[in-house]
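Visitor: Let me begin by handing over the structure; questions about it come next.
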Protein chains: 2
Amino acid sequence: MDTHNVVALPVVSRVAVCGGTHGNELSGVYLVRERLKRREDGTEPVSVVTLMSNPRAVQLCVRYVETDLNRCFTRAALSAPVSEDSPYEMIRSRELNALLGPKGSVQAVDLLCDLHNTTANTGLCLITHSDCDWIALHICKHLQREMSSTPVRYVHFDLPLDEAYSLDSVGKHGFAMEVGPQPHGLVRSGIFSAMQEGVQLMLDWIWQFNSGTLFEGGSVDIFTMVKNIDYPRDPQTHMITAAVHPDLQDRDFCLLHPGEPMFLSFSGETLRYRGKEALYPFFINEAAYYEKGVALSLARKRRVEIPSVRSDTQR
Amino acid sequence: MDTHNVVALPVVSRVAVCGGTHGNELSGVYLVRERLKRREDGTEPVSVVTLMSNPRAVQLCVRYVETDLNRCFTRAALSAPVSEDSPYEMIRSRELNALLGPKGSVQAVDLLCDLHNTTANTGLCLITHSDCDWIALHICKHLQREMSSTPVRYVHFDLPLDEAYSLDSVGKHGFAMEVGPQPHGLVRSGIFSAMQEGVQLMLDWIWQFNSGTLFEGGSVDIFTMVKNIDYPRDPQTHMITAAVHPDLQDRDFCLLHPGEPMFLSFSGETLRYRGKEALYPFFINEAAYYEKGVALSLARKRRVEIPSVRSDTQR
């Protein structure tokens, strides 16, 4: 191997694993509780801060109490004035930013993994605002290699750091680890196990990376979010008038072609995808996005080459 | 056929179809909205009162606002004093009882069908407190005959009318029509369609019955609820420590034998069913029952013979 093409990167010393950012996404909630129970047993190869992001929402088993915590981490939101009358999640986002960030600073944790569940049939996705975070991309490759029964994908929301709104953007590297399908408010053993395996493999990779292992480059498919599609709605009442079509339901990351069925109205009419470009649907029929006017998102897939990496401090 | 063995029953003139008794069970919510939109078109063969049971909970997309409406219809609850400080659902249950009942009276609707969804893989269940309601049992037989792609079952909670707590107990005949699996807070097209088909077949049966059609008797399997099983919990914190085992998840109404896997703990330990009798699990991993301490329910199956029926007024 030509080691001149190896990118040397700082070690990933400080890792945060967060769950309960949405309080009714229970695999992450129980995984964090489980980790907190045994955090002192010293068996983990990497030092990890484990944290319940939104304990009040977890207590009530709701997504959020007053506003969606995972939309509170833009630069603007973090620097807006708050008072004791501000929404709980606005206040909590400052606490988390102080604890794990500040976002964009040298003090921020090296990697922030935020655990999420979706009702959509996504498998395991690493979701982040960056398409050139070699650490995140190498971790994705590692999970793709090692996880036999769960499809693993890299999803990219193309936003500058300042506008990235999610908790994971507080870390120097970071991503949401989104696993589905799981209904909100319950835990399915298979989904919990997939998330547990994903976290363990991530920590294994970090340990190997910090220990000086060289990871060879290669290609990774990146799904970049292009647009959201809302449900058909009644123009007067704004109520939805159709559900996701049975032919599309559960087919996240399967290419959707122009003219293919998208919705089936409650009165039995099929509505088709009217775009001009075949795209990859994801977050199909996510319960939490009804209020956001999103029936599904559409992504473009492209293959990117990532360099070989090793840590610049060989210990 | 020996018509001496035919039971003559009163016509089923007044039918109520209710949805949104739990505000986040969306197939019923959208089905009721759809019915209310086209209620004036006069195409339905039977006169039906269509009703949104808990509009405040529907508005907020939650199961209930202050207390579970579908536990408010015991004789005791309906006759307890209420004030304006009483939980919203206690007050709403009186309104519904006045509109559709009063429970146990001659004024009550002849049949009340209350639409529900569950996160459990139940198919379509008719759930009621009676195991000898020939109307409900004949409707069940009709659905079993006519629905090709959805399993249909009759579930019996053995309670005297006074102690029956659910909205459907307000009608002279009645049942919850429970369809799953569907996560709460979203609608899946296939589940919506199954519910729509179930309601339509029920109304078809009632129309035929009212028209003088003789329905032959036969046998129906009844699943009678025996007991609930809670999740394993931490004795100190009362937090659950295990999820439903992957071998049991989604296997509602498949016989569970003593010694078979029931839970998989978050640390990886399999916990087995310790009962002495093989029973039929149902409501496996229903999200709304975490707070009620129910991981699943167990039923005994028996086959009952039901008589041939016809209406006593041949129109």
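Just so you know, glycine gets a Cβ as well, placed from its N, Cα and C.
The model shown is predicted, which means the values in this text are computed figures rather than measured ones.
Residues or ranges marked as domain 'Succinylglutamate desuccinylase/Aspartoacylase catalytic' by TrEMBL: A:13-205. Residues annotated as Zn(2+) binding site in TrEMBL: A:His22, A:Glu25, A:His116. As annotated by TrEMBL, active site, proton donor/acceptor applies to A:Glu178. Per TrEMBL, domain 'AstE/AspA barrel-sandwich hybrid' is recorded for A:219-301.
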Visitor: In whole Å, how far does the CA atom of A:His22 (Zn(2+) binding site) lie from that of A:Glu178 (active site, proton donor/acceptor)?
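Guide: A:Glu178 (active site, proton donor/acceptor) has its Cα 11 Å from the Cα of A:His22 (Zn(2+) binding site).
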Visitor: Show, in sequence order, which residues other than A:His22, A:Glu25, A:His116 on the same chain lie with their Cβ within 8 Å of the centre of the Cβ atoms of the Zn(2+) site.
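Guide: Sorted by sequence, the hits are A:Gly19, A:Gly20, A:Thr21, A:Gly23, A:Asn24, A:Gly28, A:Arg63, A:Asn70, A:Leu115, A:Asn117, A:Thr118, A:Glu178, A:His184.
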Visitor: Does DSSP give A:Glu178 (active site, proton donor/acceptor) helix, strand or coil?
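Guide: Note: A:Glu178 (active site, proton donor/acceptor) is in a strand by DSSP.
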Visitor: Are there any residues at least 6 positions away along the chain from A:Glu178 (active site, proton donor/acceptor) with a Cβ closer than 8 Å to its Cβ? List them or say none.
Guide: A:His116, A:Asn117, A:Thr118, A:Thr122, A:Leu124, A:Cys125, A:Leu126, A:Ile127, A:Val155
Visitor: Helix, strand or coil by DSSP: which one applies to A:His22 (Zn(2+) binding site)?
Guide: coil
Visitor: Look up A:His116 (Zn(2+) binding site) in the DSSP assignment and report helix, strand or coil.
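Guide: Its secondary structure by DSSP: strand.
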Visitor: Sort the residues of the domain 'AstE/AspA barrel-sandwich hybrid' (A:219-301) into helix, strand and coil with DSSP and give the three counts.
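Guide: Result for the domain 'AstE/AspA barrel-sandwich hybrid' (A:219-301), in helix, strand, coil order: 3 helix, 35 strand, 45 coil.
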